[in-house]
């Protein structure tokens, strides 16, 4: 606690040998962060400038990639500062903000993947109704709700936590996630209820909807001609790979708090870094390689770059 400014500081104790390898950590994460920004925005710009990519599916992909950049920007700048600092600390209010943005954007990812699953369902299972259902207004509403609903749900637990008394000031992690709850003196029932509602509304229900939707697509594709099967495989497989990747990240985030101190510090540090390293890079790689139209424009861009 800093009495002069009346600011509560939290020490992040999840770092391993940061004083010994600070410049190595900084170089690796700075490089990855630049790659995340460049790779994601390259595909976003391709979707923006090419009119044949101005379709709901590609708009949702662009939104998902922007979400990945925002997700990374919530974590990486503070991590990079911590690697070069003598003490890895964060104010409690900043920690709550990071917590709020982290879970809001995580929920947005699930909802965006749900919107993409619905888009694929309509495109493959109801192709004649697709232009009527997936209008520009519908896409805009889906995008707004995908970012607004999780933000509203996570705001309540964050505000409740803001007014709760702290008994501990050392957070076993390298950024503020749900380990934050271990710092409080008492467990708030209302916060737990709102937290469970947030998980169900922004995580579990979207996940079940996605699985149900892709199951329906699989069943209908199996009964259809070869062209429909090929279309389903080409457009749905990348979304499923991204879903599996992000679900693993979320599962790790939940499990690591439950395991707590029983998990070795070094292993925890390495796995946390892997979780925040690979997923934001995984999205543009998958969509850049697996989505035929995006891949085509990406190859043209690379060829033009080589010629110049």
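Cβ coordinates come from backbone N, Cα and C, glycine included.
Among the residue ranges 96-118, 165-187, the one that TrEMBL annotates as transmembrane segment is 96-118. The listed stretches are 23-49, 56-76, 96-118, 193-215; of these, 23-49 has the most Cβ pairs under 8 Å to the transmembrane segment (269-289). Counting only same-chain residues 6+ beyond the ends of the transmembrane segment (139-160), those with a CB under 8 A from a CB of the stretch are 56, 59-60, 63, 67, 96, 99-100, 103-108, 111-112, 115, 118, 188, 190-191, 194-195, 197-198, 201-202.
Long-range contacts of the transmembrane segment (236-257) within the same chain: residues 64, 106, 109-110, 113, 116-117, 120, 124, 177-179, 181-182, 203, 207, 210, 214, 217, 263, 268, 271-272, 275, 278-279, 282-283, 286-287, 290-291, each at least 6 residues beyond the stretch ends and with a Cβ under 8 Å from a Cβ of the stretch.
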